[in-house]
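S.K.: Quick one: the structure is below, questions incoming.
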Protein chains: 2
Amino acid sequence: MPIIHRHIATLQAALKPVRNQQRIALVPTMGNLHDGHLELVKLAKQHADIVVVSIFVNPTQFGVGEDFDSYPRTLDEDVAKLASVGADYVFAPSSVEMYPVLPPPTTIRAGAITTQLCGQSRPTHFDGVGIVVSKLFNIVQPDVAIFGQKDYQQLAIIKQLVRDLSYPIDIVAAPIVRAADGLALSSRNQYLSADERQIAPILQQELQRLAQQLAAGEHIDKGFNTLITDASERITVAGFKIDYLEIKTAQLEPVIDRLANDGENKKYTAQELIIVVAAWLGRARLLDNQLVTVY
Amino acid sequence: MPIIHRHIATLQAALKPVRNQQRIALVPTMGNLHDGHLELVKLAKQHADIVVVSIFVNPTQFGVGEDFDSYPRTLDEDVAKLASVGADYVFAPSSVEMYPVLPPPTTIRAGAITTQLCGQSRPTHFDGVGIVVSKLFNIVQPDVAIFGQKDYQQLAIIKQLVRDLSYPIDIVAAPIVRAADGLALSSRNQYLSADERQIAPILQQELQRLAQQLAAGEHIDKGFNTLITDASERITVAGFKIDYLEIKTAQLEPVIDRLANDGENKKYTAQELIIVVAAWLGRARLLDNQLVTVY
């Protein structure tokens, strides 16, 4: 069984003697662990000798009216699952332990990358992510930290945070883990009714269709916007309320629609794009994304 | 002689084997070292086994039109001085080493404490301090860091940053080192002409006078504002252009002037106040401060 630490000081005391002789991995989570999280831990074990999993429902990354209070908290089950994959330490602090002053006066903002996509509908979300991840980095001082690719924008923001703040931490991205029908695993999937759960995989199916269209070069004649509009309509008709559906470069920069800009020269150089989507289905806000190489 | 590191990676490689067996102290400086800096190093040696002195004229803490370009850079002399007090490592990175992207997209802001005093006339200054100090903390991962009390607001901000971001670093404040005539040592004192250098100690003399007035309780009858106004007039007449002169609590919170608020009850409980001043004398912007306990 992993050893549970509720306090910063005891976790640090436990890690101090082994630091530098052994590589330490951090897997930050909000608990309510599913197989996607367990894959993060398995990946962490490949990159380090000691795996610390933090379980903390971070208040600063929830906006007003969001699901902070109802977010599922299942520590006992989480610890049992973590035992099955060999996590060494669970860091499960109280809110007061993490935030003696809440909200903390100090803010961290990872620049323009935070204001698009999820940052549009959740304007304070990534500031909260920035501060809690920085705190966890400073508390654990890991050699490597593992983040899931499902939260693609979060991953990009954390990579930038690590670069801009000179954290000596390798950031490892873990592939999205999906249910058999393709739905990306998420703690928020349990907000779905049985009927909604049947509909939910359509989101991933439409991303795949879009990726195939891009790989086949359909955007060269039709333009990105037409493909996006068509996919949005299908997703909306299926019962989703789309927050955003966008095609970006893998670095989350804008793609240039050459149909509009350069009708003569319909040749693209190979580049990796990402299709990113956030959509509500009932009470659940679902995220998904799909990387695709286009020419 | 201290070992000079120009690169993050080589400094970290040097520190890694000794970390946790030995306590590491960081003394952040912008170089052009004077006896005040050397006292920081001596204090660091009392708190740690290994002392790292960073020398980096940090572009992000200078505003437009400030003295970034003309700030004195004297690395060879600095290293010789550091040898005399037993510093172990000098970290003297290039701007590109510290900021691959300048300015970095990520910002750190230590809340309302940054917008008063120096933050009024230098609105981006403490954001620059916040990011460079965070980077130095992450690069060096010291057990203790030493900051001079002359930059009192900076010290308060760094203490808050450490608390809010959970840095496992003890912050040690070093007393102001003064010339024989009372002028607080500062690299910027060399911007003073010979005549200005004669006038400069008046700043400290007026702070001392104010402190004596407060210690004697003169504010109880006169109010803080009258004392401040009188001191400001004397400082201005001497040839200074005052940026600010304020009386705050030691935590840089507002003091309540009970003369105005509560004419009946002119009793104060003991509290530690700080008088903080920034004033231009010729090309030099001088800082000073004085703690005083009042009743």
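Every residue gets a Cβ built from N, Cα and C, even glycine.
In case it's useful when we look at the structure, here is the feature table from TrEMBL:
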{"type": "ACT_SITE", "residues": "B:His37", "note": "active site, proton donor"}
{"type": "BINDING", "residues": "B:30-37, B:148-151, B:Val177, B:185-188", "note": "ATP binding site"}
{"type": "BINDING", "residues": "B:Gln61, B:Gln154", "note": "(R)-pantoate binding site"}
{"type": "BINDING", "residues": "B:Gln61", "note": "beta-alanine binding site"}
S.K.: Looking only at B:Met30, B:Leu33, which of these binding-site residues has the biggest number of Cβ atoms within 10 Å around its Cβ?
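M.R.: Within the set of binding-site residues, the most crowded position is B:Leu33.
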S.K.: Given the binding-site residues B:Gln61, B:Gln149, B:Gln154, tell me which ones have a C-alpha lying within 10 Å of the C-alpha of the residue listed as 'active site, proton donor'.
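M.R.: For the residue listed as 'active site, proton donor', the binding-site residues whose Cα atoms are within 10 Å come to none.
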S.K.: Between B:Gln149 (ATP binding site) and B:Gln61 ((R)-pantoate binding site), what is the CA-CA distance rounded to a whole number of Å?
M.R.: 18
S.K.: Across all chains shown, how many C-beta atoms besides its own are within 10 angstroms of the C-beta of B:Gly36 (ATP binding site)?
M.R.: 21
S.K.: Fewest neighbouring Cβ atoms within 10 Å: which of the binding-site residues B:Gln61, B:Gln149, B:Gln154, B:Ser187?
M.R.: B:Gln149
S.K.: For B:Gly36 (ATP binding site) and B:Gln154 ((R)-pantoate binding site), determine the Cα separation and express it in whole Å.
M.R.: 16
S.K.: If you count other Cβ atoms within 10 Å of each one's Cβ, which of the recorded positions B:His37, B:Val177 has the most?
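M.R.: Sorting the candidates by Cβ neighbours within 10 Å, the top entry is B:His37.
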S.K.: Can you name the binding-site residues among B:Met30, B:Val177, B:Ser187 whose CA is within 10 A of the CA of B:Gln154 ((R)-pantoate binding site)?
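M.R.: Matched binding-site residues: none.
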S.K.: For B:Leu33 (ATP binding site) and B:Gln61 ((R)-pantoate binding site), what Cα-Cα distance in Å is obtained after rounding to a whole number?
M.R.: 18
S.K.: State the Cα to Cα distance, in Å, between B:Met30 (ATP binding site) and B:Gln61 ((R)-pantoate binding site), rounded to an integer.
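M.R.: Distance between the two Cα atoms comes out at 11 Å.
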S.K.: Fill in the CA-CA distance, B:Val177 (ATP binding site) to B:Gln61 ((R)-pantoate binding site), as an integer in Å.
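M.R.: That comes out at 23 Å between the alpha carbons.
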